[in-house]
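Engineer: So Swiss-Prot says this about it:
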- Cys301: active site, thioimidate intermediate (ACT_SITE)
- Arg397: active site, proton acceptor (ACT_SITE)
- Asp247, Gly294, Ile295, Gly296: NAD(+) binding site (BINDING)
- Gly296, Gly298, Cys301, Glu466, Ser467, His468: K(+) binding site (BINDING)
- Ser299, Asp334, Gly335, Gly336, Gly357, Asn358, Tyr381, Arg382, Gly383, Met384, Gly385, Glu412: IMP binding site (BINDING)
- 99-154: domain 'CBS 1' (DOMAIN)
- 156-215: domain 'CBS 2' (DOMAIN)
Amino acid sequence: MGKFVEKLEKAIKGYTFDDVLLIPQATEVEPKDVDVSTRITPNVKLNIPILSAAMDTVTEWEMAVAMAREGGLGVIHRNMGIEEQVEQVKRVKRAERLIVEDVITIAPDETVDFALFLMEKHGIDGLPVVEDEKVVGIITKKDIAAREGKLVKELMTKEVITVPESIEVEEALKIMIENRIDRLPVVDERGKLVGLITMSDLVARKKYKNAVRDENGELLVAAAVSPFDIKRAIELDKAGVDVIVVDTAHAHNLKAIKSMKEMRQKVDADFIVGNIANPKAVDDLTFADAVKVGIGPGSICTTRIVAGVGVPQITAVAMVADRAQEYGLYVIADGGIRYSGDIVKAIAAGADAVMLGNLLAGTKEAPGKEVIINGRKYKQYRGMGSLGAMMKGGAERYYQGGYMKTRKFVPEGVEGVVPYRGTVSEVLYQLVGGLKAGMGYVGARNIRELKEKGEFVIITHAGIKESHPHDIIITNEAPNYPLEKF
């Protein structure tokens, strides 16, 4: 028998989410009692096992803030300049600080037009007015309304209440409520401005009790980099990013690995590398804290069709997880998740968390443009291997940067739209609810037990059809089971 026939006979069988179900077990566990927190690196623990994808129609700072507030993690995409990505990370970090230290200020002799420019640029509604390092006023968008051309000192509020650095949350909140103010400048013993407390930050800290924060009380955030862009990684690290995610279509590229090892030595942030689908890759990526699994499972990815390469996602996750366990690495399943049940399956197959693109691309916080088609709202969504994303700068992810002409790109993704799905909070509520339900059926009190107790059954095509609603015309669409198929 020839070696090529032997290749086929030795080929393993690959399974994806629709090919398997989890077998229900005897249990005393109820969904409301399960713990869905997970660790994705030695220093980063999430309260829900979900990350948003590093895609230019999925994650920018608004998505990252929303994800962290719900207990997950946003990975800001790299299809932008270094300075812009650094600023996006800083925006997330500023979103809920008790005391904002790097305060944007303005001088009293500046124009209100410049004040408005600063507010728009930094996504804020007001500015302390500072002269000789002392606070002399506060100016807000409300003060400026329709008063272009005037000076800040003409419109600012001059009677400013300040507080010391030792202020506690409850005391700051009480002062702001009693005085009906939205901002409290923080000063040192010499009266020098050292920070700012805002009402929106205090309210957010109380509202989002499941949020994930660092030791300074700031929201967690991750950012993507090319395996060769060491300068970007260093700048993001300086900006306080919690996790660097090396974002490439094929992380088992030996040139990329050499560069990633050098990068790892130059940053303090935790380090995730992806994507891979072969357990052998783990042996060469042990310098990472976690690996990201998925070659071509995404709804907008054409790698498997264009390149003929990939491993069905459940099998890929299981193979990589077995090897990663030997080195103490964490595993993130990236791509192919369509329903909450797929999250349950991915974790039972060995993942510590999942990364979502499609399911979050239709949310309010996603940066994709809204479009109306036949009276229904959609949001644009594209793969980072699509022609549009490559032209914007994402070609390097597929090792097509630099030497390729635009007209000669070989795309590995498509561009399209997905239905508008509401807010990130609403979508995650349904997804986490489904995860908890699955854990209840399996008898898993936490993510670790789901990995240990989850037992799979392989199903046929008829079994897949039986699993979905059938023999009925659905008249009321469920929030976790969309009727619109693409």
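Glycine is no exception: its Cβ is also placed from the backbone N, Cα and C atoms.
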Engineer: Taking DSSP as the reference, which of helix, strand or coil describes Gly357 (IMP binding site)?
Structural biologist: coil
Engineer: Given the model, what does the mean pLDDT over the domain 'CBS 1' (99-154) come out as?
Structural biologist: 85
Engineer: Out of the binding-site residues listed (Gly357, Glu466, Ser467, His468), which are within 10 Å of Gly294 (NAD(+) binding site), Cα to Cα?
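Structural biologist: Near Gly294 (NAD(+) binding site), where near means Cα within 10 Å, there are no binding-site residues at all.
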Engineer: Rounded to the nearest Å, what's the C-alpha distance separating Ser299 (IMP binding site) and Glu466 (K(+) binding site)? Just drop the number here, would you?
Structural biologist: 23
Engineer: Round to the nearest Å and give the CA-to-CA distance linking Tyr381 (IMP binding site) with the residue listed as 'active site, thioimidate intermediate'.
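Structural biologist: Given the Cα positions, Tyr381 (IMP binding site) is 11 Å from the residue listed as 'active site, thioimidate intermediate'.
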Engineer: Whole-number answer please: how many Å between the C-alpha atoms of Gly385 (IMP binding site) and Gly298 (K(+) binding site)?
Structural biologist: 11
Engineer: So around the NAD(+) site, Asp247, Gly294, Ile295, Gly296 aside, which residues have their CB within 8 A of the centroid of those CB atoms?
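Structural biologist: So the extra residues in range turn out to be Ala249, His250, Gly274, Asn275, Ile276, Ala277, Lys292, Val293, Pro297, Gly298, Cys301, Thr303, Gly310, Asp334, Gly335.
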Engineer: Provide the number of Cβ atoms within 10 Å of the Cβ of His468 (K(+) binding site), excluding the reference atom itself.
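Structural biologist: Looking across every protein chain shown, the total is 9.
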Engineer: Can you give the largest Cα to Cα distance in Å, as a whole number, for the residues Ser299, Asp334, Gly335, Gly336, Gly357, Asn358, Tyr381, Arg382, Gly383, Met384, Gly385, Glu412 that bind IMP in the record?
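Structural biologist: With Ser299, Asp334, Gly335, Gly336, Gly357, Asn358, Tyr381, Arg382, Gly383, Met384, Gly385, Glu412 as the binding residues for IMP, the largest Cα distance is 16 Å.
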Engineer: Rounded to a whole number, how many Å is the Cα of Ser467 (K(+) binding site) away from the Cα of Gly335 (IMP binding site)?
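Structural biologist: Counting only the Cα atoms, the answer is 21 Å.
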Engineer: Tell me which of the binding-site residues Gly294, Gly298 sits in the most Cβ-dense spot, judged by other Cβ atoms within 10 Å.
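Structural biologist: Selected residue: Gly294.
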